[in-house]
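Heads up, the thing below is written out as structure tokens.
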């Protein structure tokens with residue numbers, strides 16, 4: 001029996017399965033990383049390709065595709081350790097490659113994340129899987145942030161400028177927010193809560209997207225006035241991948257397959273569903289018909305809102321957050337947007353400011369109000385609670401406000417400097433003659449060998465031209481939305 005036990009132990013703890021490795025945690029973390037990756041590839045690639053006018057389908061999809069690939073290479077060469085490595089500055093880590101096998105085979109850890117004065121037990125603060133898993137998991141978050149940002153500048157940004165912008169923004173903007181809030185920076189040690197990226201991802205991408213849209217300039221007037229989706233059903237397929245992938249987005253945040261992960265997954269879906277229903281109800285009340293694009297917007301704001309507190313709030317609070325995320329961003333998009341001269345001037349193509357910046361900020365503030373003390377103890381290395389539960393909750397809410405101001409300021413400044421630098425060498429906006437053409441001018445390719453951007457059928461230009469078909473009735477033109485208003489995502 002003893003010999004069998006020794007043989008079993010030797011087999012169980014081999015060089016490929018060290019004693020510290022938890023197979024369940026490792027399997028879940030790799031699954032969660034894959035789910036988040038699928039949100040971008042193919043989720044947002046499909047969503048972007050289908051929600052824009054036909055002439056921009058290829059360009060929009062390619063911007064997402066390029067960002068995913070470029071971020072991965074920059075991430076392993078330099079940026080992972082800028083976000084999760086040793087401290088260089090209170091808001092920035094020391095950049096270095098994450099490629100060596102000795103580094104990647106070792107037990108995952110975020111060296112600066114041991115909360116000062118709270119605990120010194122490595123087993124609590126370090127995940128039970130290899131560094132390679134953590135590097136890839138965090139890459140998928142960095143990639144989706146850039147892709148969300150791209151939604152603000154679709155339909156006119158010079159592809160060369162975008163290709164230069166992605167690595168620069170990753171280095172000088174994303175890594176700062178990630179280190180400050182997640183990697184052991186000053187906001188992390190101050191006790192700011194950002195469970196899975198309400199500030200690091202959504203507030204950052206929304207603010208940076210609006211800033212980029214300002215510097216790049218607007219689409220053509222005809223595109224701003226009429227920008228119908230070229231395939232609503234395909235848009236829903238992309239949105240579905242995004243929603244289902246969010247279980248990995250928030251469920252992977254605890255770095256383990258534990259109770260908090262389960263709570264985060266449930267709350268994520270509850271909030272998204274509530275927000276979708278509230279947004280759709282508002283569409284029906286004020287415009288008379290439910291909008292499919294509007295439902296996707298409501299889904300998105302719910303997912304962004306729950307992200308900073310997914311594993312820290314009770315499920316009834318997730319419903320409250322869903323109700324607010326389905327209504328406040330709706331008001332900001334449908335009402336305030338039309339009354340604010342700045343928002344009218346800046347052409348945020350898919351309304352990323354409303355669906356991500358507003359929703360992410362809302363979620364971060366609500367987390368400061370609704371974070372439940374016992375749930376906080378499951379994952380946070382410091383004692384805190386939301387203001388709703390008394391105690392030091394009021395202080396926590398103020399910390400959330402200060403952190404949001406830092407993220408907003410850094411993204412406005414860094415994004416502006418990056419784009420002004422790129423503008424010295426590459427035009428940020430495509431010339432008008434290319435904007436009139438779209439994909440064929442930018443890539444020499446088109447998405448469909450079909451006519452249709454909502455124009456009326458003309459038998460002399462579309463399809464068969466012979467006289468025997470000249471009497472065939474033309475199909476109805478596609479109307480941009482049942483309400484006759486511009487829809488933003």
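The backbone N, Cα and C atoms fix where each Cβ goes, and this holds for glycine too.
Range annotated as transmembrane segment by TrEMBL, chosen from 316-337, 448-469: 316-337.
The transmembrane segment (166-187) is in contact with the transmembrane segment (401-426), judged by 3+ CB-CB distances under 8 Å for residue pairs 6 or more apart in sequence.
Three or more CB pairs closer than 8 A are found between the transmembrane segment (401-426) and the transmembrane segment (199-217), so contact between the two stretches is assigned (pairs 6 or more residues apart). Looking only at the domain 'Ammonium transporter AmtB-like' (27-448), the predicted model's pLDDT averages out at 93. Below 8 angstroms of C-beta separation, residues 57-58, 60-61, 63-65, 68, 127, 129, 133-134, 136-137, 139-141, 143-144, 147-148, 150-151, 154, 231, 234-235, 237-239, 241-242, 244-249, 251-252, 255-257, 261, 350, 447 of the same chain, each at least six residues beyond the ends of the transmembrane segment (27-49), sit close to that stretch. Through the fold, the transmembrane segment (292-310) approaches residues 51, 193-199, 201-202, 229, 232, 235-236, 239, 242-243, 246, 249-250, 253, 263-265, 267-268, 271-280, 283, 317-318, 321-322, 324-326, 329-330, 333, 351, 354-356, 358-360, 362-364, 366-367, 370-371, 481, 487-489 of its own chain, all at least 6 residues removed from its boundaries and within a Cβ separation under 8 Å. The transmembrane segment (229-249) is in contact with the transmembrane segment (261-280), judged by 3+ CB-CB distances under 8 Å for residue pairs 6 or more apart in sequence. If you count C-beta pairs under 8 angstroms between the transmembrane segment (199-217) and each of 135-154, 316-337, 349-371, the highest count goes to 349-371.
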